[in-house]
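Report on the following structure.
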Amino acid sequence: MSETATWQPSAPIPNLLKRAAVMAEIRRFFTDRGVLEVETPCMSQATVTDIHLFPFETRFVGPGHSQGLNLYLMTSPEYHMKRLLAAGCGPVFQLCRSFRNEEMGRHHNPEFTMLEWYRPCYDMYRLINEVDDLLQQVLECQPAESLSYQQAFQRHLDIDPLSADKTQLREVAAKLDLSNIADTEEDRDTLLQLLFTMGVEPHIGKDRPTFIYHFPATQASLAQISPEDHRVAERFEVYYKGIELANGFHELTDAREQRLRFEQDNRKRAARGLPQQPIDNNLLAALEAGLPDCSGVALGVDRVVMLALGAESIGEVIAFTVDRA
């Protein structure tokens, strides 16, 4: 590509018109259901502790902060939205920019648009149904199918992910020609994620969206543990045509348990030589004050627009990708 061409948008103008229509349809969906649209900060003094997420960091120098105040671009609006929920705002949604300092490719740009929403009094299954309704309305696709994480592994890899040990997981990885990665990996959840990405994802959601629910409890993140089966978390993801679209939880409301999970993440980060991340004490205070029982989900809008257009890469639906920003 010549330098003179980089001033032009990444996406064709007709694609941007379709993008605007998708955004309008999303807003209509929530307005019709009485869900409040909110805006929360793009920067925070705290960030995520997840070992797989890498936030952008910046520094504010101004009145009262002559030595500088460390700030992080938000990887998701989740923490601020939960503070609004604890303050009594009721059901909310947000369309916003999120930022992740990681790979760039067909489905990734460091700056992207996220739809996130929270539903008080919804369990995981009721929110799954609402995500399905949204996808049908925006993409005009068939109703989704649902599989538990365990069912998906048993169907496509003939192994039980909830009981298999690391040796058994490595044996399955060998059948997928992944021994060069798996044989040196000591973290069981990383092995599971490798097998899910390479051995399960390619086979699901081909003709209609597929929800995968009840991830292992060790991958709960900010989700509650299932009261029926303590081996699994009330967490789900949805896939369609080779793309991960959304990640949702029946949200954890226990501040003490959430702090323990943040601290555990930071221990894992230390073991991998990654920097320790500041824990969001404002979120923990909101949980202490009382987060209502709720379920929430984050959905990648750019990826939905890709599917609506049949686009092959995220660059076809974003005005300016990072290499042209």
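Every residue gets a Cβ built from N, Cα and C, even glycine.
Quantities reported herein were computed from a predicted structural model and do not represent experimental measurements.
The substrate site recorded in Swiss-Prot includes S76, P77, E78, E251, and the single candidate from Y118, Y213, Y239 that the record places there is Y118. Cα distances from Y118 (substrate binding site) to the binding-site residues R100, E102, N109, L245 are smallest for L245. Remark: of the binding-site residues E78, E102, E244, E251, the most isolated position is E102 (fewest other Cβ atoms within 10 Å of its Cβ).
Cβ neighbour count for R100 (ATP binding site): 20 (other Cβ atoms within 10 Å of its Cβ, all protein chains included).
The Cα of N101 (ATP binding site) lies closest to that of S76, out of the binding-site residues S76, P77, E78, E251.
For N109 (ATP binding site), the nearest neighbour among the listed binding-site residues (S76, P77, E78, E251), judged by C-alpha distance, is S76. When the binding-site residues S76, P77, E78 are ranked by how far their Cα is from the Cα of G300 (ATP binding site), S76 comes first. Summary of the substrate site environment: with the site residues S76, P77, E78, Y118, E251 set aside, the chain residues having Cβ atoms within 8 Å of the Cβ mean position are Y79, H80, M81, K82, E116, L222, G296, A298.
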